[in-house]
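Colleague: Quick one: the structure is below, and I'll ask about it shortly.
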Amino acid sequence: MEVEKTEKNIAEDDESKIIYRGWKVMPFIIGNETFEKLGIVGSSSNLVIYLTTVFNMKSITAAKVVNIYGGTSNFGTIVAAFLCDSYFGRYKTLSFAMIACFLGSVAMDLTAVIHPLHPAQCAKEIGSVCNGPSIGQIMFLAGAMVLLVIGAGGIRPCNLPFGADQFDPKTKEGKRGIESFFNWYFFTFTFAQMVSLTLIVYVQSNVSWSIGLAIPAILMLLGCIIFFAGSKLYVKVKASGSPIHSITRVIVVAIKKRRLKPVGPNELYNYIASDFKNSKLGHTEQFRFLDKSAIQTQDDKLNKDGSPVDAWKLCSMQQVEEVKCVIRVLPVWLSAALFYLAYIQQTTYTIFQSLQSDRRLGPGSFQIPAGSYTVFLMLGMTIFIPIYDRVLVPFLRKYTGRDGGITQLQRVGAGLFLCITSMMVSAIVEQYRRKVALTKPTLGLAPRKGAISSMSGMWLIPQLVLMGIADALAGVGQMEFYYKQFPENMRSFAGSLYYCGIGLASYLSTFLLSAVHDTTEGFSGGSWLPEDLNKGRLEYFYFLVAGMMTLNLAYFLLVSHWYRYKDVVAKDKDMDKTSAEFDKVSV
C-alpha cells in the first residue's frame, strides 16, 4: 500500500510502518459524513418544490430539472472515481469535492436571499400572470447546481473507502473496526436523510427558504472544518491507477489479435505478480473472444520476472477474467438500474400528489410538508433492513443453505417485483384521490395547481413504504452484488457503477416525462401530466411505469438465468478477509 506522508507517517511503500489510527480519527470522518450528508440532502431534497414555488417553474419542468440534476450527480461519480484512482487519491478528491459542495450550497442559498436572483412571486389566483425566471437567474441557479454536482460526484465514491483506509485490514481489531464503520456510515446516511426530509424541509416550506437553504450551507461548512481538522492524522492512500486502463487494455489487445485461432485455457498466458492481491479467477467459457489477448505470440517479449515487456500487446488470463466479470455484470446492471426509473417517480410526483391532498395531521392545523412525504420511503427501508437481516435471512438459510438466505440476484428480483406492486398501488390511490377531488367538497386551492382533494395524504404512505422495502431489496442487493462480483481493485468503480445506474434512470425519467406529456397533450382528455392533477390522468402514467417494470422484470429473469457468478480459484488470505469486510457496506 502506498500512502502519502503525514507528520507522523513514515516512508512510502513500507506498509509495516503505516500508522492506522482507526477510531481515533473517526470523529473527524463520521462527523464530516453526518454534516456533509445533511448539507447535500438538505440542499436538494426539497428542490422540486423550490423550483415550482420560488422559480415559478411548471411541475413537469421542475421534475425534468431535478432528474437531470440527479442524473448528472450520479454519473459524475464515475469521472470522480477515475480521477481519484488515477491521479489524486481519495483525500485530495474529497477535499476538492467538499469545498465545491459548500460553495454550491452557498450559491443555492443566495438564489433565495437576493431577490434579483429569483423571479417575483406569483399571485395565488388561478389564471393570474406568473413570470418565469430570466436567463441570468437560470444561469446562476445552474452554476449553483454544477458546484453541487461536482461535490456530490466526488464525495459519493470516495467517502466510504477513505473511512475504511483508516483501519488496518490485517488485524482482528482493524477488521472489526471496518465492520463497525460501515454500520455507522449507513446510520449517518439514514439520519441525515431523515433530518433533511423533516426538519430542514419544514423550515424551507413553512419558515423561510432563505433560512432553510442557509442551514445546509452552514452544515457543509462545519463538515469541511471537521474533516480538515483531522488532516494530519489520516492514512492517505495514493492513486494507484484506474481499473478502466486495464479494461481498455484487454479489449484493445483482443481486437489486435482477433485473427488468432482460439487455444485451450492451459495455453493462455497467466502471469501473476508477487504482490497481486485480487482473488485469483478460473477460466470461463463466456466471451472467449477476449481470451485472444492472453495468447502469447513470438512477438510478445517477457521481462525476467515473467511480466510482458509491452502491456498493450499481451495480457494475462487473470486480467481477461477480471474484464469478463465487468462485462457479465452490465446486462444485470441495466435491468437493476431501471428499478430507479420507478423509484424516481415516487420522489417527484408523490410530492405533487400530496400538494393536492389533505396533509393535515389530526384535528389541528399542522400540515406535513409536501417534501417530507418521502421520509416514509426511508422509514420503510430502515425498518425492513434489520427485519430482513435478523429474521428473514436466518429463516431462508434453513431451507437454502446459503449464508445470505438467497442469492444477490434473487434479492434484486424480489425488489423489482415489489417495485411493480408499489406503482400499481400508486395508480389506484391516485384514481381515488382524483375521484374524491371531483365528486366531493374540496379543501381550497393549491397555489398554481387546483382543488385540494379531501383524501388524506396518509393514503400515500403505503406506496412509499412499499418502494422503500423494494429499495432495501433491489437497491442494497445490487450494491452487494457489484461489490462481490467485481475484482477487489475495482470496488471504487463498482460503487460508481451503482450511482451511474441511478443517473441513467434519472435521464430516462426525464425523457419519459417529456414523451408522455408531449404525446398525451393532443388527446381529447388533455395531458396526463398537467399542472392540476385533477385535470390529468397521473394514474395512467403510473400504470405505464408499472407495465415497463413488468417487462424489465422479465428481462432481469432472463439475464439472471444467463449470468454466471465469479469463479474464484484461490485468494490471498489477507485480501479475502478484507473483501468480506468491504461487503458489509450492503447491510
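Just so you know, glycine gets a Cβ as well, placed from its N, Cα and C.
Marked as transmembrane segment by Swiss-Prot: 35-55, 65-85, 94-114, 135-155, 181-201, 209-229, 325-345, 368-388, 412-432, 457-477, 493-513, 540-560.
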Colleague: Of the stretches 135-155, 457-477, 540-560, which racks up the most C-beta pairs under 8 Å with the transmembrane segment (412-432)?
Modeller: 457-477
Colleague: Of the listed stretches 65-85, 209-229, 368-388, which one has the most C-beta pairs under 8 A with the transmembrane segment (457-477)?
Modeller: 368-388
Colleague: Between the transmembrane segment (325-345) and the transmembrane segment (540-560), do 3 or more CB pairs sit under 8 angstroms, pairs being 6 or more residues apart?
Modeller: yes
Colleague: Counting Cβ pairs closer than 8 Å, which of 135-155, 209-229, 368-388 has the most of them with the transmembrane segment (94-114)?
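Modeller: Between the candidates 135-155, 209-229, 368-388, the best contact partner of the transmembrane segment (94-114) is 135-155.
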Colleague: Within this structure, do the transmembrane segment (209-229) and the transmembrane segment (368-388) have 3 or more Cβ pairs under 8 angstroms, counting pairs 6 or more apart in sequence?
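Modeller: No; fewer than 3 Cβ pairs under 8 Å.
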